[in-house]
Structures are given as structure tokens and as C-alpha cells.
């Protein structure tokens, strides 16, 4: 257990370090790796992925994977995270920034991230600057990536190696489910439960806005006086566009700013078959027998036609 926690902490630190050194990380971030800190298993019993707890908007993704694979073979699982690259969102510092993307793939037990020497050169070129890692030592079949620049990585490619049932008795030749998730942009909730600045902030009480001031950091301080003369102040983070002005009357929970969220999270699932090579050989043998039978029938038919023609001539 202690080793697992140490691995998580080390992996988290390494990912953040890579982010700081600029391997395709930009100002506005989406961190799938944060899920490691709060969830031992990122997939809940109802099928919901942990990423959806922070990224509240739903956005579509696509998953591409082979229908069937052979044991001990390397293949690709591609998660497509499409979005309008011309759009920007509010960064943590309140400034406009491009969106980043992140992704997660939950493979069947026994399937793992392919080793560097197993990954084709073409995939290495596509994944240059991309750090893909297992979720934990316990769940090495779960792979995560991000944040990476969305403009250049709307397709997340996960190189995977399949297990060999001949070497692992826990693995069988079966059809397995495969789950994937992808997000673009920052989340609306931090892992601590606090709201980020990618939110619509509502009025804490009904009343009239008596004053709006702006701090040096760009934050808006809105003062609301209710009918009893009670004043409340609330701060709207920097970078958000207000929808109210001084003198306006507001209701409880009425939005005070335009919703800045342009991102979102989506998840999909598919199936993959771990195919027994003997079944393929058997199928090919069956096809050969059928083909041979058809050829022999045609030859026999030709011979019969010749015999009939000879008898008629006689």
C-alpha cells in the first residue's frame, strides 16, 4: 500500500515537472493525473469516470480500437477529443489561454502500455512530447495522459500490448470491454472540492447591487443590499465578464457573470477480442477445405459433362 502511494506521488511530481519544462503544456490546464490523488479506482460502480466529477460539461469523444488482437501484439487505441481550436478559455491567472486536453483509457486486465522498444516509429513521432503513464501499480491496465496542447493533440494515441493467456492463467481468450474518456479545457471543480474560475457565479442573496469594485488582481467585488439593509459582498474571479452593473436588482442564485466554460468531458466504451491464433488457423483450414471442395466439385462436373457428351456422340 505504501509502495502504491509512493508511486502515485512520484508519478504526480514527474508529470507536473514535465508540465513546467514545457513538454507541450500551456497556460490553461486539464489534469487527469489529479484523479490519482483522490480515487484508487477512477471508474465507479455505475460506470462514471472520476474525470466527470471535475469536468461538469458533457462533450463528445470518439474511440478507435481494433476489433480483435492476437496475444502479445502491439496495437493502438485512439481517443479523439474534438473541439473548436479558435476558442479560448479563462486561465487560472484570469488571462485568455488555449485549451489543453487529457485522456484516460481503461483496458482489460492484463493489457498494458507498450514498452518503448515495442512502439512503432510512426507512433513515437506522433506522441513526441506526450507522457503516457499507468494510473497506479495496482491498475497498470489504466492509462492516463495530459495535460497536452489541444491544438496539436486532438487525437490521443495509446500504444498497448496485449497479454498472452499461455503465460498468464488469469487471462482468457474472450471479448472484453474497453472504456475511454477525454476532456478539453480546465475543470469547474478542483480535487479539493473548491470551484475554479471556470464557473457561473450566482448571487448569494436577493437585493440591489450597491457597488462593484475591481481589485489590482482583476477580481470584481460585488456588494448586494437586501430589503432589510443587510450587505453581502462576493468576489468574482478575474477574467470573467459580468452580466450585472451597479443599481441592478438580483435574485438569489442569479448568475452574475457569463459562463466561461468552453470545455467538457466525455466517455465512451467499445469491445475488443483477444483472439486465439489456433482459431484463426482452424478458420483458414476450414476455408481451404471449402475452397478445395468447390474446386473438386467443378472438376467432377466437367468430367461428368465430358462423359455425357461422349455417350451422346456414341
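Even glycines carry a Cβ here, placed using N, Cα and C.
The heme binding site annotation in Swiss-Prot covers 31, 51, 54, 55. The signal peptide annotation in Swiss-Prot covers 1-30. What Swiss-Prot records for 280-299 is transmembrane segment.
Secondary structure at residue 51 (heme binding site), as computed by DSSP, is helix. Minimal Cβ crowding within 10 Å, among the binding-site residues 51, 54, is found at 54.
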